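Chemist: Take a look at the following structure, please.
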Amino acid sequence: SFIGEESVAAGEGSILTDNPTWIIDPIDGTTNFVHRFPFVAVSIGFVVNKKMEFGIVYSCVEDKMYTARKGKGAFCNGQKLQVSGQEDITKSLLVTELGSNRDPETIKIILSNMERLLSIPIHG
């Protein structure tokens, strides 16, 4: 099967089944792309039995290829990636994404979540 982000955004329905399925977003960061903000990527995932098997993200502007496979780790241009191991959230950097859904109830939930996060003495 095949699920394309752009076709779903255009209103086409899609149902994730147990079939092997490619999920592709050819312009991941469409809003960034439209506004010429350079954080845009091509994202491809492969799912079997509704579970992610591997994913590839190519950051076009940075010329970086991120890859990950279930149980095998994640890599950037072939170099293994590793999380920092930081367990103290007050020493962490918070990065948020508001999303594109402007439904009033969704906005209320997002802002409530952000308020809880911002009450923690974090960086960013």
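From the backbone N, Cα and C atoms, a Cβ is placed for every residue, glycine too.
Remember, TrEMBL labels are computer predictions, not curated facts.
As annotated in TrEMBL:
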BINDING   GLU5, ASP25, ILE27, ASP28  Mg(2+) binding site
Chemist: To which of the binding-site residues GLU5, ASP25, ASP28 does the lowest count of other Cβ atoms within 10 Å belong?
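Modeler: Across GLU5, ASP25, ASP28, these binding-site residues, the one with fewest Cβ atoms within 10 Å is GLU5.
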Chemist: ILE27 (Mg(2+) binding site) has how many other Cβ neighbours within 10 Å of its own Cβ?
Modeler: 16
